[in-house]
Amino acid sequence: MDSKRLGIVAKPVTWVVHMLGLAAILLVLVWCIYFRGGLAWEATNKSHIFNLHPVLMLIGFIFIASEAILAYKVLPGDRAYKKSVHLSLQLVALVLGIIGIYTAFKYHNESGIVNLYSWHSWLGLGTICLFAIQWFVGFFVFFYPGAADPIKAAILPWHVFFGVLIYLFAIATAELGFLEKLTFLESSGLYKYGSEAMLVNFTAMIVLIFGGVVILSAILPSELEPEGYHPVSIEP
């Protein structure tokens, strides 16, 4: 697909990305703080520890990772600067993702719940491992010490492909997480048509749309492409 035929550029679409991302963060904070009782690293009510998990994963692994993907599209400056911002944001996303996953293990261990029993946890752990590998490959090949130009040219399309694929895995993991937690809450007596259930479903829908718009922004041509930079075309 030739993205130029869509007739729009990435920059105005990224504003939609930012608005949807901030809306998703606000909704998950309302859910975890107002409906679920708050956030805590240590607490008698262990659910407060778990509440850190969706907040950190959404802010780090979804929102900040999305900002890293779009760094080449929206930031002024040369390619080296954009590359540094991209790598830095992805590192922040990785660190927050690791802490977010740790809080889920911490909650399970302190509550006597077994770990890694669901498709959500399997996919999430696999995704963050792939994310870490992708970051290290990007750092050593494209940043420091940097590979030879022919090697960079050969690896770049695969780096882009796996970056998008891993991001889609992250979105899918988030959707499974919303479904899993809401199913547990409803089986424990939460009213299926109550305000909390509606909020969780609406948040999951916003996150899904957000992910789609991020991918759209990533494949659209940019008004801010640095001289000599050519985006990798994505063929059907």
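Cβ atoms here come from the backbone N, Cα and C positions, even for glycine.
Quick caveat, the model's predicted, so the values are computed rather than measured.
Summarising the annotation, TrEMBL assigns domain 'Cytochrome b561' to 16-219.
Residues 47-48, 51, 54-55, 58-59, 62-63, 66-67, 70, 73-74, 195-196, 199-200, 202-203, 206-207, 209-210, 213-214, 216-217, 220 of the same chain lie 6 or more positions beyond the ends of the transmembrane segment (12-36) yet place their CB under 8 Å from a CB of it. Residues or ranges marked as transmembrane segment in TrEMBL: 12-36 (among others).
The transmembrane segment annotation in TrEMBL covers 56-75 (among others). A Cβ distance under 8 Å defines the sequence-distant neighbours of the transmembrane segment (56-75), meaning residues of its chain 6+ beyond its ends; these are 10-11, 14, 17, 21, 24-25, 28, 81-82, 85-87, 89-90, 92-97, 99-101, 103, 124, 128, 131, 163, 167, 170-171, 174, 177, 207, 210-211, 214, 217-218, 220, 222, 224-225, 229.
Taken from TrEMBL, the feature transmembrane segment covers 87-105 (among others).
According to TrEMBL, the feature transmembrane segment maps to 125-144 (among others).
Positions annotated as transmembrane segment by TrEMBL: 156-179 (among others).
The transmembrane segment annotation in TrEMBL covers 199-220 (among others).
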Beyond the flanks of the transmembrane segment (87-105) by 6 or more, those residues with Cβ under 8 Å of it: 41, 49-50, 52-57, 59-61, 64-65, 67-68, 71, 115, 121, 124-125, 128, 131-132, 135, 138-139, 143
